[in-house]
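Contents: one structure, followed by commentary.
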2 protein chains.
Amino acid sequence: MKTLTVDLGDRSYPIHIGQGLLNQPELVRPHVRGTQVMIVTNTTVAPLYLDKARALFDGFEVADVVLPDGEQYKNLDTLKLIFDALIEKRFDRKCTLVALGGGVIGDITGFAAASYQRGVNFIQIPTTLLAQVDSSVGGKTGVNHPRGKNMIGAFHQPQAVIIDTDTLDTLEDRQLSAGLAEVIKYGLIRDAEFFDYLEDHLLHLLARDKDQLAYAIERSCWNKAEVVAADEREAGQRALLNLGHTFGHAIEAGMGYGNWLHGEAIAAGMMQAGYMSKLMGDLTDDDLRRMADAFTTARLPIYPPDDMSPERFLELMAGDKKVQAGTIRLVLLKAIGKAYVTGDYPQELLLRTLQEWRKPA
Amino acid sequence: MKTLTVDLGDRSYPIHIGQGLLNQPELVRPHVRGTQVMIVTNTTVAPLYLDKARALFDGFEVADVVLPDGEQYKNLDTLKLIFDALIEKRFDRKCTLVALGGGVIGDITGFAAASYQRGVNFIQIPTTLLAQVDSSVGGKTGVNHPRGKNMIGAFHQPQAVIIDTDTLDTLEDRQLSAGLAEVIKYGLIRDAEFFDYLEDHLLHLLARDKDQLAYAIERSCWNKAEVVAADEREAGQRALLNLGHTFGHAIEAGMGYGNWLHGEAIAAGMMQAGYMSKLMGDLTDDDLRRMADAFTTARLPIYPPDDMSPERFLELMAGDKKVQAGTIRLVLLKAIGKAYVTGDYPQELLLRTLQEWRKPA
């Protein structure tokens, strides 16, 4: 087992990574403050891991709430189901919420923990690769609004994150690939050496080699933890984590939440950002080819959906959270392993990107 | 004009108190971070003060959302109306929310500001005495759940609070009295000298003497600011501010939100706490009489509703936020001006209080 610490002063917390961690109650029990534990999961994960998760908290008053599965349920109405369950069981302000599932479960449970009685304890047990390398690190929680992703939420750090790589055994291939999109992202934004490693090991990761998965998860979490520790509230550096996300969020919203997976949308979005970086004169054709090869090897899309016009992109991107007073801020690449944020680019290059980086007819 | 500062390190903020402050843009403008201002108010306050409030932000992009008036609308559905308005107008994460109204508007707008895009700026312009002395100070925000008050929320400090005592000219008598319940509370919990002052000046306050009102508001805010600065997250001392609230919340919930005003409910609740403190051997009959006289002078109820049985009280109190693992924690009085929190009292005395402190038949 590997343990990383996310260094946030008095809100620091450990991330444990390894096999069989769902059989190790000693990892989670020190992080339960009161006597009441509410496990939040979904209809896909519950049959697989809910019993194991409940057993981790043997001796506490354990309850659970099983939500419908899917990004389309990451909204205020589903959030309310968690509050209803907590109030129904008379859970007090010393209770602990446990998120057992993917990114949607982590985000919505985290926001419930941030706002139930103005804040209760929170433990994350992410069961998808995406959640393990992304949404379980950094304290961002929230739900979607019909007109924009993650528009409503809070910064709320967990007490601990438990990543049991065995849970990846039951993950659909498509979800595994979606998680690799975020893994590749860390290489692209700040860790060229990791990108080199991934070019050689993506096939091992797709084959679910546990040692390689643990390494890739650890290095991804380490990268994210470094960024978050330097910039908890996203004033600066943290925005780099959004590479491909402004494009990708537009795809997710435009196609209807849940149709394109988040990882699929940001893979195409990272290629759009890469193409624009080439137009800006920073990436080479070879860089772009390496990116496309990596995403293709990971079985991810590299082009946006055919039926989303440049105009539709612009409309949706203008509604994104990262817009500041009308300017669409983008994360672009100076090189593989070196991202930057800018609102100062020729508008024409964004338009050309939306027009030109499309699946060849 | 008087200015108090709530001392919370880098989240410190000023409270300005005086007449005509709604005509002084220089008080609010330094606290607007971006270019977009959303004023949240209700159907009662909008016709009276919305134009004035909009004029304060002349030169910014100002929008408003007018909510229905009443505690029964302090819920997730109404909160959603604020998010809808913000997203409709494409307000970004540098926007500023302004709460123009009473405690409900302050609480719900504050929670919207805490959670829109994971936190935006927030200015409070409380227009009721209750909001001026209570909900505008301390950063507690939130909405009710059908089964419990303020169950969902966040701690989110405003950038500034503007208390224009002229707004009290349009306040209904019943609302003015309800505000006085919180004013009297500060005397009871920690400021015996202020309680003495109130015994002599309640009639001036009811007659809306502006100088006396400004003094009473300032002293109330000063008391609350002291408590909050010492204990922002309600680990200890801050709980004293809940004198009468566990009983009072049960009354509000039991009678249906909006039927008893918050101030009315906690006045009766403080008398219940006072009676129990007498049973505990701490308050004298004379203390209890002074309390009852003060509330009666302020035109507030001193007895709980006839039709709420002790059993109903216990049921509702057990669901209150201040319950920890089954124990109903209460704020009681050692003396006038000296409150304490306890979960360690003879259950029988709570029962006797619920049975005996009732309106004589």
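Placement of Cβ uses the backbone N, Cα and C atoms for every residue, glycine included.
Feature annotations, courtesy of TrEMBL:
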type	residues	note
BINDING	A:69-74, A:103-107, A:127-128, A:Lys140, A:Lys149, A:167-170	NAD(+) binding site
BINDING	A:Glu182, A:His245, A:His262	Zn(2+) binding site
DOMAIN	A:65-177	domain '3-dehydroquinate synthase N-terminal'
DOMAIN	A:179-323	domain '3-dehydroquinate synthase C-terminal'
For A:Asp69 (NAD(+) binding site), the number of other Cβ atoms found within 10 Å of its own Cβ: 18
Output field, Zn(2+) shell: CB within 8 Å of site CB centroid, site A:Glu182, A:His245, A:His262 dropped: A:Leu130, A:Asp134, A:Ala181, A:Lys185, A:Gly244, A:Gly248, A:Gly263, A:Ala265, A:Ile266, A:Gly269
Rounded inter-Cα distance in Å - A:Gly103 (NAD(+) binding site), A:His262 (Zn(2+) binding site): 10
A:Gln72 (NAD(+) binding site) and A:His245 (Zn(2+) binding site), Cα-Cα, nearest whole angstrom: 18
Chain-internal residues near A:Thr128 (NAD(+) binding site), provided their CB is under 8 angstroms and they sit 6+ positions away: A:Gly101, A:Gly102, A:Gly103, A:Thr167, A:Leu168, A:Leu171, A:Gln175, A:Ala178, A:Gly179
A:Gln72 (NAD(+) binding site) to A:His262 (Zn(2+) binding site) - Cα separation in whole Å: 12
Spatial neighbour of A:Glu182 (Zn(2+) binding site) that is closest, considering only the binding-site residues A:Asp69, A:Gly106, A:Thr170 and their CA atoms: A:Gly106
Number of other Cβ atoms within 10 Å of the Cβ of A:Gly106 (NAD(+) binding site) across all protein chains: 30
Residues near A:Thr170 (NAD(+) binding site) in space but at least six apart in sequence (CB under 8 A): A:Leu48, A:Thr127
A:His262 (Zn(2+) binding site) and A:Asp69 (NAD(+) binding site), distance between Cα atoms, whole Å: 14
For A:His262 (Zn(2+) binding site), nearby residues of its own chain (Cβ under 8 Å, 6 or more apart in sequence): A:Glu71, A:Gly103, A:Leu130, A:Ala178, A:Ala181, A:Gly248, A:Glu252
